[in-house]
Amino acid sequence: MNVFIRADASYEIGTGHVMRCLTLANHLRNKEINVIFLSRELTGDLCQYIEEKGFNVHCLSGGNPFLEENNWEKDAIETISIIEEYQGPKYIIVDHYALDQNWEAKVRPFVKKIMVIDDLANRVHDCDLLLDQNLYEDMQTRYNGLVSQNCKIFLGPKYALLREEFIEARKTLSERSGKVKRILVFFGGSDPTNESIKVLRSLEHMDLKEITIDVVVGKSNLRKQEIENICNQHENMNYYCQIENMAELMVKADLAIGAGGSTTWERCYLGLPTITIIVAENQYLTTKAVEKAGAILNLGCHSEVSNQDIENALELVLNHPTFLRGMSRKALEIVGQSNHMDRLLYEFIEG
């Protein structure tokens with residue numbers, strides 16, 4: 001059995017699509033299913049990283065990360081040519097904002113089932129199963145008219161794509177005290193809006209020498225050397241690049257400062273209070289929903305967040321441990337203890 005995964009990463013679009021698909025891929029591999037990635041060669045792609053994880057990857061050459069000018073058809077033809085190289089039952093998972101029902105309909109005759117991972121709900125899909133792991137106020141009606149009546153829809157953070165390290169870390173998680181002795185700073189794999197340095201400058205200005213600060217970047221971050229240099233100037237700052245132990249750092253942390261992307265669900269699953277900065281338009285609605293649930297302190301869109309805003313938010317949480325404890329409890333409630341990925345994959349492969 002073969003499961004193909006069509007997902008891209010780049011400096012512009014970030015690494016979240018590929019990283020969450022790698023989580024799915026690991027679960028599939030544990031079930032002895034052959035997983036093949038199809039990922040376009042772009043600046044900041046993760047083709048080599050996928051290979052290092054032990055998966056077959058076909059690198060689609062050139063092009064634009066947003067597949068403009070109707071390049072979806074060329075993309076579909078390339079995908080089909082690779083699918084035809086393999087024998088046995090074939091399934092495909094698509095995690096790409098630029099692909100819709102047109103691409104899916106063209107690929108459909110060559111696979112048994114199509115699963116789409118989406119969180120925009122802005123285009124029609126031709127798929128058998130759709131996953132949106134995010135939280136929205138209109139979650140239950142969000143895909144009305146965008147998928148067929150036969151499509152199985154899995155909605156909400158209870159279907160969050162969490163790596164095994166997070167599942168294991170939750171089992172031994174202790175209740176958080178609300179006192180901040182360690183802060184985790186992470187703005188995704190590429191951080192194209194440069195929030196990491198903005199936050200580090202605020203932390204420098206506040207001179208929080210008694211607090212340990214862990215700073216994580218991805219290999220696609222174009223400013224990672226500058227970030228490392230800043231960290232090296234401060235004894236209380238630790239620099240990490242493309243790590244494999246994020247759950248361990250989240251458990252150790254008392255507070256996170258980060259973006260409103262898919263890492264939100266990892267932080268919530270481990271009850272980690274977070275100061276959130278929205279760095280992309282598709283993060284706005286879900287971040288507002290998580291804020292309304294009381295699980296984060298949302299500073300708003302990155303372009304409107306100043307260093308003073310960050311410092312004010314830090315002053316607030318550092319002086320109010322009860323507020324942080326409450327935020328932690330609300331975060332844990334959002335995702336819940338059980339992870340339903342096995343049910344999701346069963347419905348895709350067996351259902």
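Note: Cβ is positioned from N, Cα and C throughout, glycine not excepted.
Listed in TrEMBL:
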{"type": "ACT_SITE", "residues": "H17", "note": "active site, proton acceptor"}
{"type": "BINDING", "residues": "R163, E266", "note": "substrate binding site"}
{"type": "DOMAIN", "residues": "184-331", "note": "domain 'Glycosyl transferase family 28 C-terminal'"}
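Taking every protein chain shown into account, H17, R163 are the recorded positions, and of these the Cβ with the most other Cβ atoms within 10 Å belongs to H17. Across the structure, R163 (substrate binding site) and H17 (active site, proton acceptor) are spaced 14 Å apart at their Cα atoms. Across the domain 'Glycosyl transferase family 28 C-terminal' (184-331), DSSP classifies residues as 73 helix, 30 strand, 45 coil.
DSSP assigns R163 (substrate binding site) to coil in the three-state reduction, outside any helix or strand. Separating the Cα atoms of E266 (substrate binding site) and H17 (active site, proton acceptor) is a whole-number distance of 15 Å. Under the three-state DSSP scheme, the residue listed as 'active site, proton acceptor' falls in the helix class.
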